[in-house]
Each structure stands twice: as C-alpha cells, then as structure tokens.
Amino acid sequence: MGNRRFAGLGAVPLEWSTTTWSEGALPGVRLAYETWGELSPDRDNAVLVLHALTGDSHVVGAAGPGHPTPGWWGHLIGPGQALDTDRWFVVAPNILGGCQGSTGPASAAPDGEPWGSRFPRLTTRDQVTAEIALADVLGIDSWALVLGGSAGGMRAVEWAVTAPERVERLMLLATTPAASADQIAWCHAQVRAITADPAWAGGDFARGAGDGRRSGPVAGLAVARQIAHITYRSADELAVRFGRSDQAGEAVSAGGRYAVESYLDHHGDKLVGRFDAGSYVILTDAMNSHDVGRDRGGIEAALARVTARTVVAGIGSDRLYPVAQSERLAAGITGADPLVIIHSDHGHDGFLIEVDAVAGLVAGLLDEAPVRTGRLP
Ligand SMILES: CC(=O)SCCNC(=O)CCNC(=O)[C@H](O)C(C)(C)COP(=O)(O)OP(=O)(O)OC[C@H]1O[C@@H](n2cnc3c(N)ncnc32)[C@H](O)[C@@H]1OP(=O)(O)O
Ligand SMILES: N[C@@H](CCO)C(=O)O
C-alpha cells in the first residue's frame, strides 16, 4: 500500500484565469499524492504517474480510507513489478481541479465556502504548473520517467515540453498532442448534460459531507459519464458483450432495458458515487484546452523541445483518441521509438485494462539508458 499525503503549494499561477482573491493565480493550492518505494539519496529514481479524467492518486492497492475504489492500474507498482518499488520511488498526484484530495471546486475557498462556480478555469499547463511545484516540494529535480494515459498523457507530454530537463524518460498512452474538434465535441455534450440539470445551480449546488458525492446534478453527471463511457469502449466490444440482448430479468418488449443500457446506467450510477460534478466540468474544460503547440509555434515545434527517451502507444480500437494522434506524437518527438499499437478489443479504456502490455512497455523503457536526444530549448 502506498502512502497518501498532501502538499500545500500556495498560490499557483494560471494561464487564463483570475480569481476573486488573487489575480491570475489560484490561492491555497493543495495536491494529494500517493507514493510507493523510497527516494534514493541522489534523488535519481523518481517516477511520476499521471491519472486520467476520473482517476486518482491510488494507482494500485485495495480500496480503503481515502480511497473509495481499488487501484486503477492493477499490479503495475510493487516489489518485482514493472515499477519495482525496490528500485523506483513512484509518485502519483491527484490532478489540480479534481475531487480526490487536491484543490477543486468542492474545496474551500479562502472564505471557507466551497469554490463552486467561483473556481477558475484551468488549462493542462496550469495542472502541470502545480505538479512542477509538487516536484519542487519533494526535492525531485528530474524524473526518471513520467507516464500517463489519456488526460494523464496530456499532462505527461506537457511536462516534457515545459520542463524537458526534468523528464528523462516519457511514456504517452492513448493520448494526443492537442484535443481535437471531435474530442471537444464529446466533452461539450457531457458538460451540457451536467449544466442542463436544474440541480447544477450554476455550479453552486449543495455538496454533501464536503466532497460532493451523490449531491447536486447527479442525473446530469450520470448521463455525462454514459456519453463518455460509450466513447471509452469500442463498438465491436459492445456488440460482442451485449448485442441486442435484454438485460437479465427485464424484457425490452415489456418496457425493460437492453443489457447495454443497463451497463451504461451502472457506470453512470457508479461515477456519481465518487465524483464531484464541478470537478467533472473543470477537468473536461482543461482537457479541451490541451494543445502543446499553443504559443509555441505549433505542435511540431513544441514536440521538438522534448529530450526524453520516449515510448508512445495507442490502442488500435480507440475511437476517442485515434491512433493517428499517437502517431503524430511519436513522429514529432526526436527520442521516440516507433509507435507501439496495443491490440485490445476494449477501445480507449484499453490503456487501463491491458495492464500487462503497459507493464511490458514500462519495464522496457526503464531498462534503457535515458539517452537525451534532440535539443534543449
Ligand atoms: C487512469 C485513470 O485514472 S482512469 C480511472 C479509471 N477508473 C474508472 O474509470 C472507474 C470506472 N470503471 C471503468 O471505467 C472500467 O470499469 C475500467 C476501465 C476500470 C475497467 O473495465 P472493465 O474491467 O472492462 O469493466 P467493465 O467496463 O466491463 O465494467 C464492469 C462493471 O459493469 C457491470 N456490468 C457489466 N454488465 C452489466 C449489465 N448488463 N448491467 C449492469 N452492469 C453491468 C459489472 O457488474 C461491473 O460492475 P462493477 O464495476 O461495479 O463491479
Ligand atoms: N475511464 C477513464 C477514461 C478516461 O480516459 C477515466 O474515467 O478516467
């Protein structure tokens, strides 16, 4: 089991936003993070794991206090595992804007009330700015490896572009150099589902017990998750698993649900039990902001800054983050191996489900010397 801690980072400067209390910065920022293993005396064995949209700092381990759900990357971390804790010090922060310990819309603003609608817009770069501040607090000048999938991969590539000298190796899974119109469109429908729920109350809904779970626009959040979950899985998988079957114990002809409808209802209902709708909106907007090339002369110019030895992997059946986006990352990063395609029936969520494939890539990358390539900016 890892150790969950909190780091107070003070005010974090933001790209686009101002707040009532501190112009251009978010005050009183705290990041929750979990660690495994020990930082070596020369501080050269640190690995940063970055979670996706609704993930958290609990990469591996059982559910328990502070961790309502078990780890989302199974056996990736531990003695003898790909991220071998006898050798590596692994750090996993909860994302800025999230709701699993880090500062987000459900957190208290300086006046003691929840931020709610006053929480500022964030960009992927703001989230990485906070993670850089966390690395400074931990005394980690350079990561042996930074890895993440989906929104975690967005932050990972942003890290490697923003602070190339601090990223020796990089792994990008099922992600993109910039959110596409298609991805923004899917996110838009999800956000509209939440904000159209009358219980949204402009983002200032009453939050239960400080964390907002199962309070506020739960119907809208559940629909948002259902829309998202369809994009996370492949049409072929849904056809094979559910086909046109009725849900067990229900008959469609008598007003019951198809099995696939029941499956989506289940995933929507599960998310509202563990996630704040305000965080969902803020994090989705941050994903939409993602463009490593913004104000850097475009995507290729930005990727040319990366000096890390890099592995990029896409999921063949991913309809949300098509492999062409991964191909562009691999082509643009000087130190990248040829693109890896992970074969999975599961679509985008394959980066979570195909843990053995991910573990193999991680072990291989860590075995390689972190030869620096390309140019420092
Ligand atoms: C990197 C990150 O941090 S991302 C965070 C990842 N975690 C999450 O997203 C949590 C939500 N879970 C998921 O999205 C997925 O379950 C994954 C990706 C984690 C795992 O996928 P899989 O193992 O393929 O699970 P799958 O999608 O089949 O869902 C299984 C669930 O659906 C339920 N289910 C399956 N069929 C049906 C049905 N016909 N009707 C109702 N429920 C159903 C199962 O009972 C099971 O429920 P449980 O999760 O409460 O035990
Ligand atoms: N199931 C993942 C997919 C997003 O990439 C999540 O909820 O974070």
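Sequential numbering from 1, following the chain as shown.
Note that Cβ sites are derived from N, Cα and C of the backbone, with glycine treated the same way.
Worth saying up front: this structure is predicted, and the values here are computed from it rather than measured.
As recorded in TrEMBL, the features of this protein are as follows:
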type	residues	note
DOMAIN	45-346	domain 'AB hydrolase-1'
ACT_SITE	Ser150	active site, nucleophile
BINDING	Arg225, Asp349	substrate binding site
ACT_SITE	Asp318	active site
ACT_SITE	His348	active site
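All features noted in TrEMBL, drawn onto the structure.
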residue: Ser150; record: active site, nucleophile; Cβ neighbours (10 Å): 27
residue: Arg225; record: substrate binding site; Cβ neighbours (10 Å): 26
residue: Asp318; record: active site; Cβ neighbours (10 Å): 27
residue: His348; record: active site; Cβ neighbours (10 Å): 27
residue: Asp349; record: substrate binding site; Cβ neighbours (10 Å): 23
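For Arg225 (substrate binding site) paired with Ser150 (active site, nucleophile), the C-alpha to C-alpha distance reads 16 Å. If you take the Cα of the residue listed as 'active site, nucleophile' and the Cα of His348 (active site), they are about 8 angstrom apart, rounded to a whole number.
Taken in sequence order, the recorded positions Arg225, Asp318, His348, Asp349 that lie near ligand 1, meaning a CB under 6 Å from one of its atoms, are Asp349. Of the recorded residues, Asp349 (substrate binding site) and Asp318 (active site) place their C-alpha atoms 8 Å from one another. Note: the Cα of His348 (active site) and the Cα of Asp318 (active site) are spaced 4 Å from each other.
Closeness to ligand 2 is met by Ser150, these being the recorded positions among Ser150, Arg225, Asp318 whose Cβ falls under 6 Å from the molecule. The secondary structure of His348 (active site), as reduced to three states from DSSP, is helical. In the three-state DSSP reading, Asp318 (active site) counts as coil.
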